[in-house]
Amino acid sequence: MHSSALLCCLVVLTGVRASPGQGTQSENSCTRFPGNLPHMLRDLRDAFSRVKTFFQMKDQLDNILLKESLLEDFKGYLGCQALSEMIQFYLEEVMPQAENHDPDIKEHVNSLGENLKTLRLRLRRCHRFLPCENKSKAVEQVKNAFSKLQEKGVYKAMSEFDIFINYIEAYMTMKIQN
């Protein structure tokens, strides 16, 4: 895991270096970002498809963790913060627990996490997509509900990851159109 963190740092440092006579690679990649977004979302969906059945079969709860209020936050003035917090929530709380539920899915969950980290890195590099500081109440509600579900929360959160991808897509589509 440490080597992947080092690799991410190298990618960031390489992307920030200015090219003679041109904008930075970061600026250039930001102009291409809207065109690359569908590919990044497809990669997330493909990675999720490898673990979707496992987690949805284990999710025995009837309630929904990722409610419509979260999508509304994604579409509202808190969209940036809600997206940032949800990415952090999945990377730091959900996926580390999900990796430990079955050795057969660990690699696939890790791959899904790496795809999500790549998206976060590109969003941060292109400040117009993720320039935020405020807290989202909907994200807090998701985190509280997740905590209350205890071990079952991992199954619930992972089984709804496709909803999260759809919310990311709705947020990014809105930002690109503005």
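Keep in mind that glycine also has a Cβ here, set from the backbone N, Cα and C atoms.
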According to Swiss-Prot, the disulfide-paired cysteine of Cys126 among Cys9, Cys30, Cys80: Cys30
Inter-residue C-alpha distance, Cys30 (disulfide bond) and Cys80 (disulfide bond) (nearest angstrom): 16
Cys126 (disulfide bond) - helix vs strand vs coil (DSSP): coil
Candidate with the highest Cβ count within 10 Å, taken from the disulfide-bonded residues Cys30, Cys80: Cys80
